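Taken from TrEMBL as is:
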type	residues	note
ACT_SITE	D58	active site, for OMPdecase activity
ACT_SITE	K60	active site, for OMPdecase activity
ACT_SITE	K60	active site, proton donor
ACT_SITE	D63	active site, for OMPdecase activity
BINDING	D10, K29, 58-67, S114, 163-173, 186-187	substrate binding site
DOMAIN	4-202	domain 'Orotidine 5'-phosphate decarboxylase'
Amino acid sequence: MKSRVILAMDKPLSYQILKEMENELYGIKIGLPLVLDLGVHKTRELLNDLNVEEIIVDFKLADIGFIMKSIVEKLSFASSFIAHSFIGVKGALDELKKYLDANSKNLYLVAVMSHEGWSTLFTDYIKNVIREISPKGIVVGGTKLDSITEYRKDFGKMTIISPGMGSQGASYGDAVCAGADYEIIGRSIYNAENPFAALRTINKIIEDKVMNCKGAIFREK
Ligand code: O7E
């Protein structure tokens, strides 16, 4: 496995830097701030020939099926899309999932967010939606290690991606040790003086920690 890091690109990085980083990344997640800065055309140009496993669009889609499909259609250069699960199945996520499947694209659903105010009141409902839709993966905040372990137990081999590492206080490697597959990291990389060096250091910290995850649910892929 070349890396367990997904770069959260919420700010433009140069093509040269991205090219330098491509072999040290699992994927790149592009956020609204980036696309609002560059526009769709330039974003596509910047990412088009990068050798990473997934380009994930993170607009946290939360609308009726028709609108979500129209958004996805305009971003066909990406391999994967993130939607909120709270919007429910019929007329929304069922239509989006069908469309993504038909176009060989992946869906990730938000399960647990990383910020303090995220409520667990709807956990059962969210888990039911995830079961019904059966996405490629789910997002569980890396700041909530018990939730990662809980969702790993409940959802077996479903991919878990975890934001909140570094800038939001979670320690690199802890999410993977708790059961996540990949850690989503933004500011600690793109705001670093040398983003490539920062990424390499983070990769090393994660790999070292994973080697010593005693009793963790972590599974080798
Ligand atoms: O804190 P940073 O700079 O490392 O960036 C974190 C990224 O993860 C940023 O793009 C933000 O939108 C995203 N994120 C969270 O921080 N918390 C969440 O609960 C969920 C996400 C997220 O990526 O959701 C979809 C995967």
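Keep in mind that glycine also has a Cβ here, set from the backbone N, Cα and C atoms.
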Checking proximity to ligand 1 here: which recorded positions out of D10, D58, D63, I64, S114, G186 have their Cβ closer than 6 Å to it?
D10, D58, S114, G186
In the chain carrying A170 (substrate binding site), residues 6 or more apart in sequence that have Cβ under 8 angstroms from it:
S114, G141, G142, T143, L145, S162, G164
Nearest of the active-site residues (D58, K60, D63) to D10 (substrate binding site) - Cα to Cα:
D58
How many Å lie between the Cα of K60 (active site, for OMPdecase activity) and the Cα of G186 (substrate binding site)?
16
Could you state the whole-number distance in Å separating the C-alpha atoms of I64 (substrate binding site) and D58 (active site, for OMPdecase activity)?
17
Per residue, counting other C-beta atoms within 10 angstroms of the C-beta, which of the recorded positions D10, D58, D63 reaches the highest number?
D58
Cβ contacts of G166 (substrate binding site) (under 8 Å, same chain, 6 or more positions away):
Y172, I185, R187, S188, I202
From the Cα of D58 (active site, for OMPdecase activity) across to the Cα of G186 (substrate binding site), what is the distance in angstrom?
13
Overall pLDDT for the domain 'Orotidine 5'-phosphate decarboxylase' (4-202), taken as the rounded mean:
97
